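Here is the structure we will look at.
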Ligand SMILES: Nc1nc2c(ncn2[C@@H]2O[C@H](COP(=O)(O)OP(=O)(O)OP(=O)(O)O)[C@@H](O)[C@H]2O)c(=O)[nH]1
Ligand SMILES: [Mg+2]
């Protein structure tokens with residue numbers, strides 16, 4: 001799957017083999033963090049409820065193992081992000097891009 005290959009390529013380029021790194025999935029609410037994390041885990045697109053509490057998943061893509069933290073993007077849960085910054089290998093900041101009809105007309 002393209003997404004898994006793409007993510008694996010990023011991790012491999014950092015030489016992440018056998019290091020069991022901690023990766024935080026950050027971004028505003030509704031950005032797609034939980035969807036992305038579960039697509040990497042199960043290679044399936046599933047609809048999720050907004051994340052209320054931080055969760056973590058042990059993921060493994062081919063030779064690379066890592067612990068992914070999905071912290072939630074709502075204003076209240078964003079307050080706990082800083083509690084997870086210690087010993088982080090990477091931040092995955094997920095953004096949403098809305099291609100609205102207004103943009104379409106402008107261009
Ligand atoms: N079109 C499109 N929709 C997406 C994509 N990723 C997620 N979504 C949709 O965006 C909505 C929010 O996705 P989530 O993964 O729950 O977002 P989140 O960042 O975890 O949100 P919080 O848990 O509230 O912080 C859902 O309705 C998803 O189906 C994507 O790549 N494309
Ligand atoms: Mg979520």
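Note: Cβ is positioned from N, Cα and C throughout, glycine not excepted.
For the GTP site that TrEMBL gives as 27, 28, 29, 30, 31, 32, 33, 34, 35, the extra residue drawn from 72, 73 is 73. The Cβ neighbour count for residue 31 (GTP binding site), using a 10 Å radius and every protein chain shown, is 17. Look at residue 29 (GTP binding site): DSSP puts it in coil. Sequence-ordered, the extra residues of this chain that approach the Mg(2+) site, with Cβ no more than 8 Å from the Cβ center of 29, 34, 51, are 30, 31, 33, 48, 50, 70, 72, 73, 74. Take the CB of residue 35 (GTP binding site) and look out to 10 A: across all protein chains shown you find 15 other CB atoms.
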